[in-house]
Amino acid sequence: MAGNASEYIQHHLQNLTYGLHPEYGLKFAENAAEAKAMGFWAIHVDTIGWSVVLGGLFLFLFRKAAKSMTQGVPGGLQNFVEIMVEFVDKSVKETFHGRSQLIAPLSLTIFCWVFLMNLMDLVPVDWLPALFGAMGVHYMKVVPTTDVNATMGMSISVFLMIIFYSIKIKGVSGFTKELTLQPFNNKLMIPFNLLLEGVGLLAKPVSLGLRLFGNLYAGELIFILIALLPFWIQWALSVPWAIFHILIITLQAFIFMMLTIVYLSMAHEDH
Amino acid sequence: MNLNLTLIGQAIAFAIFVWFCMKYVWPPVMQAMQARQKKIADSLDAASRASRDLELAQEKASQLLRENKEEAAQIIEQANKRANQIIEEAKETAREEGERLIVSAKGEIDQQVNRAKEELRGQVAELAVAGAEQILKKSVDAKAHSELVDSLAKQL
């Protein structure tokens with residue numbers, strides 16, 4: 001049972017990887033070792049696939065509502081979209097005081113996309129892998145945010161935006177000054193300041209991405225562990241955990257969005 | 001959890017989604033919401049204006065009503081006064097007419113009485129003459145004694 005269980009867990013945590021194997025060339029990895037051997041030049045087809053499908057779903061729904069937007073009494077979908085947009089717009093306006101065409105839609109995209117990706121966590125852990133297994137696909141991880149590549153991909157994008165806006169607003173010299181002359185405004189302290197500020201700057205994307213990844217990965221792992229129990233007792237643990245997880249996935253999506261707004265608003269502020 | 005190209009793929013997908021959202025989702029939604037906000041604000045304004053107008057109109061209407069009532073009361077009073085006046089005048093006329101009739105009737109009565117007196121007087125004179133004739137047993141010249149008879153008749 002023990003070997004079986006660890007195999008089951010490892011199987012569930014393995015992404016469907018497509019990449020360049022040093023020996024066998026371009027192919028889907030058939031086990032964890034092959035995936036590892038592919039190194040950086042590989043792609044998690046399941047992560048990309050699910051995240052694109054979910055992002056597409058989000059944009060499809062919102063675009064549909066936006067196209068048939070009416071000034072009169074809003075219908076169901078429009079109502080929902082308006083509530084979301086208003087909620088995001090309010091959050092942005094409370095935190096971010098500059099003028100930017102980008103930041104509000106960016107926040108909406110982050111919130112809805114991350115929420116939808118997290119929501120996949122509530123689909124029972126064996127359903128989709130079993131379905132794809134029946135179709136001959138042996139690895140399928142359906143929650144993109146439990147893949148560190150997905151979360152770090154987003155947080156690094158945010159990081160690039162932080163740097164872009166820092167330079168755009170403060171100029172290269174302003175940004176450099178911010179990194180070198182704080183917190184101690186003394187030429188001798190430049191290396192120390194640079195180290196301090198550099199760590200602070202780099203910690204932003206790392207913490208942003210790993211927070212989301214860690215929460216969802218842990219949640220998913222617990223669902224997998226619960227799935228190891230006899231089927232007649234699983235509900236006693238999985239139902240409370242799922243209900244609790246509804247809070248987690250919403251909260252993590254919200255935190256990711258809020259921190260992005262905060263970081264970008266810090267990038268916009270001139271000291 | 002090995003880092004690989006997925007990282008970049010995800011970043012690209014992210015950028016495309018954000019671009020799409022910024023271009024095709026956010027502006028129409030925001031625009032419609034702002035337009036609705038404006039519409040609602042305008043409607044509320046119009047409603048409050050209308051209720052103020054209504055209040056004014058009601059006030060005006062009640063004032064008109066009050067004025068008209070006063071006028072009507074005045075007219076009724078005048079009419080009553082005029083009616084009384086007419087009645088008084090009619091009474092006066094009737095009284096005058098009655099008096100006039102009484103006076104004329106009295107005049108006629110006097111006339112008739114006088115006439116009757118004249119007649120009687122004439123008859124008495126004739127009777128006196130006839131009586132005197134009888135007494136005197138002689139014919140009396142009517143002509144010679146007419147003066148006497150007339151004075152007699154006058155004394156009657």
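Glycine too: its Cβ is placed from the backbone N, Cα and C atoms.
Pulled from TrEMBL:
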| type | residues | note |
| --- | --- | --- |
| TRANSMEM | A:41-62 | transmembrane segment |
| TRANSMEM | A:102-120 | transmembrane segment |
| TRANSMEM | A:148-167 | transmembrane segment |
| TRANSMEM | A:212-233 | transmembrane segment |
| TRANSMEM | A:239-264 | transmembrane segment |
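For the transmembrane segment (A:102-120), the most Cβ-contacting stretch among A:41-62, A:148-167, A:212-233 is A:41-62 (pairs under 8 Å). Contacts between the transmembrane segment (A:239-264) and the transmembrane segment (A:41-62): absent, as fewer than 3 C-beta pairs lie under 8 angstroms at sequence separation of six or more. Sequence-distant neighbours of the transmembrane segment (A:148-167) (same chain, 6+ residues past either end, Cβ-Cβ under 8 Å): 44, 47, 51, 106, 110, 114, 117, 174-175, 178, 201, 204-206, 208-210, 212-213, 216-217, 256, 260, 263-264, 266-268.
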